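Participant: Pulled these from TrEMBL:
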type	residues	note
ACT_SITE	HIS305	active site
ACT_SITE	ASP362	active site
Amino acid sequence: MANKKATLAIGSENIELDVLSGTLGSEEIDIRALGSKGYFTFDPGFTSTASCESKITYIDGDQGILLHRGFPIDQLANESTYLEVCYILLYGEPPTEKEFNTFKTTVTRHTMIHEQITRLFHGFRRDSHPMAVMCGVTGALAAFYHDSLDVNNERHREIAAFRLLSKMPTLAAMCYKYSLGQPFIYPQNNLSYAGNFLHMMFATPCEEYVVNPVLERAMDRILILHADHEQNASTSTVRTAGSSGANPFACIAAGIASLWGPAHGGANEAALKMLEEISSVEHIPEFIRRAKDKNDSFRLMGFGHRVYKNYDPRATVMRETCHEVLNELGMKDDLLEVAMELEHIALHDPYFIEKKLYPNVDFYSGIILKAMGIPSSMFTVIFALARTVGWIAHWNEMHADGIKIARPRQLYTGYTEREFKSNLKKG
Ligand code: SDX
């Protein structure tokens, strides 16, 4: 909605631009008209640029607010389940009992993968990073589901969404089993979404595996906390890939690839490795010094955020969950002690306060997942599994709004035209 104007004065020319306001958040200058006047804006990393309009998630970085379709993340994490949050993200409203049962049954009934996909795994080395495997097998789903690739067909998009939501836990658990050389465990339709994932991760054909309800609830909460987060790097990647009309499986594979980066979803694995490297409270000051040193590339993994300049509300819930899991398992984790001391120092150190570097969602998740017996190489796989619903919701929203291929401009600072002369001998 445009109810204000901004005037851009360039030389003797005044260009009037609409100022758009949403239901929440900052006003935004609509610069679309600039292109036709021969002007473009420069904003590497899109620190000041909105790429789209969306109704799915809202973040207020200064207030530490995160809403999914208007519902605060702490209420969803404490009072809902991941599958109900998936429904809300995809359809916009909480489901009725009947709607939820239909949704849950559909997801449950599509958790198995095509048996030939299991052979794809055997093309990878056993010690492959599971995110490399996830990128490969997720993209390969397009080779098995030709009946739901017409991105302009809403029903096709819904079928693909269910297939992805249903099969990501199965594929993720298969990555883990493959790395161990253990047999794949088939989904169990009588288990919850999180319970089924834990069962596929830790069960073996030799004996019954009973899912611990505290760990099941903790995993479900971790999935909720990672479900969606506005236009983060991986979601923007999915939207960009989808803007060319690419099929949903290829777009989600692109999102997985982007999430893998240590500055993004790879931070949970990197944060745990950092805590292990610090190893004791006595070593923290040295690492704090390195984090402040401009000439040292070291950063406190699990701290800082492009948007949150206050505490990440997800980290608050994650911290509570961390203590619940460790208490349930009767574990005293030295790394948690390091984490708590690191958090305390960072929250009181002028450098971090001035740069507003608070613990983010990745700071505690690694400790919980490690306590559950999950290797750090699987942390980002679980992040990808959880974020799939957010990627699908944004991909669908982009299609529903009418896609326009993403094609940013650039500031060219290379050579002007010059004549080519090869340095190579002819013939
Ligand atoms: C996720 O976008 C999302 O929503 C992402 C996510 C989601 O759910 O999708 O929330 C998930 O990716 C969480 C972030 C996980 N990443 C990490 O924990 C990695 C460590 N954090 C940093 O790499 C960094 O904070 C970023 C990448 C998260 C944000 O970087 P920005 O916004 O581009 O900020 P910046 O790099 O420009 O840093 C601002 C200043 C810099 O100092 P100056 O150049 O101004 O002097 O803060 C410093 C940085 O050097 N800084 C840090 C720091 N993060 C930023 N210094 C030490 N340790 C850090 N972690």
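Note: Cβ is positioned from N, Cα and C throughout, glycine not excepted.
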Participant: Which residues, sitting 6 or more apart from HIS305 (active site) on the same chain, put a CB under 8 Å from its CB?
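Facilitator: Looking at Cβ-Cβ distances below 8 Å from HIS305 (active site), excluding near sequence neighbours, one finds GLY61, ASP312, TYR358, ASN360.
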Participant: Sequence gap of 6 or more, Cβ distance under 8 Å: name the residues on the same chain that satisfy this around ASP362 (active site), in order along the sequence.
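Facilitator: Set apart from ASP362 (active site) by at least 6 residues yet with Cβ under 8 Å, we have GLY265, ALA267, ASN268, ALA270, ALA271, MET301, GLY302.
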Participant: In DSSP terms, helix, strand or coil for ASP362 (active site)?
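Facilitator: DSSP call for ASP362 (active site): helix.
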Participant: Helix, strand or coil by DSSP: which one applies to HIS305 (active site)?
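Facilitator: In the DSSP reduction, HIS305 (active site) maps to coil.
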